[in-house]
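Feature annotations, courtesy of Swiss-Prot:
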- 1-192: topological domain 'Cytoplasmic' (TOPO_DOM)
- Tyr38, Leu99, Tyr165: substrate binding site (BINDING)
- Lys79: N6-acetyllysine (MOD_RES)
- Tyr97: active site (ACT_SITE)
- Lys105: N6-acetyllysine (MOD_RES)
- Lys109: N6-acetyllysine (MOD_RES)
- Lys121: N6-acetyllysine (MOD_RES)
- His138: active site (ACT_SITE)
- 193-236: intramembrane segment (INTRAMEM)
- 237-242: topological domain 'Cytoplasmic' (TOPO_DOM)
Amino acid sequence: MTEVVPSSALSEVSLRLLCHDDIDTVKHLCGDWFPIEYPDSWYRDITSNKKFFSLAATYRGAIVGMIVAEIKNRTKIHKEDGDILASSFSVDTQVAYILSLGVVKEFRKHGIGSLLLESLKDHISTTAQDHCKAIYLHVLTTNNTAINFYENRDFRQHHYLPYYYSIRGVLKDGFTYVLYINGGHPPWTILDYIQHLGSALANLSPCSIPHRIYRQAHSLLCSFLPWSSISTKGGIEYSRTM
């Protein structure tokens, strides 16, 4: 497609789900957009299997962009991304994985990519509601255009994945990027615990500080000395998650 795209193109863009008849078009587009070769079964799945959210952006009847994502339980996250969510979230907590997001070159920078991403968020809020806690994806470390797109929309780098991709027989590095939603968050680091403690102390009234410090110190002592016979009526019980 080589026509000049008007600045008002977004107002003429329509959205619809991909279907089996789109396979040839989607193959051609993915060949232009991505260096990875997908098997025919992948194209059949994303255009027919209801577990995928496969949305096309069309302009005057032609597909000019698409997003493919899967909403799944956190237990189905692959090992390399297993720590996307803190272990405190239940096993039926859901995540959304973006398999593909692309826009025809002439239509880039017209808001179509953002429209597709926002449509995925709307779909999540309708189907998964607040049970979905994160949206994540993988990207080549050299794909600065995509990285800037996601970072400008509040996605944050979570993992560096050496040799994650095999492109025409050459191994390439990747990143995992994550957007947390509905209160989702990664496992806490030591810095997070320190910041949480500082916030809690800032909210204490002066008169309660000595007693609370004693209780926290007692709890800490017991965690290091489980054989200790020290006891207190006001002791704190807590569990630690990793």
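Every residue gets a Cβ built from N, Cα and C, even glycine.
Bear in mind that the values here come from a model prediction, so they are computed numbers and not experimental data.
In the three-state DSSP reading, Tyr97 (active site) counts as strand.
Of the listed recorded positions, namely Lys79, Lys105, Lys109, Lys121, His138, the sparsest Cβ surroundings within 10 Å are found at Lys79. Around Tyr97 (active site), taking its Cβ as the centre, 19 other Cβ atoms fall within 10 Å, counting all chains. It is 9 Å from the Cα atom of Tyr97 (active site) to that of His138 (active site). Of all residue pairs in the substrate-binding list (Tyr38, Leu99, Tyr165), the one with the greatest Cα separation is 14 Å apart. All protein chains shown were included, and the count of other CB atoms within 10 Å of the CB of Tyr165 (substrate binding site) stands at 16.
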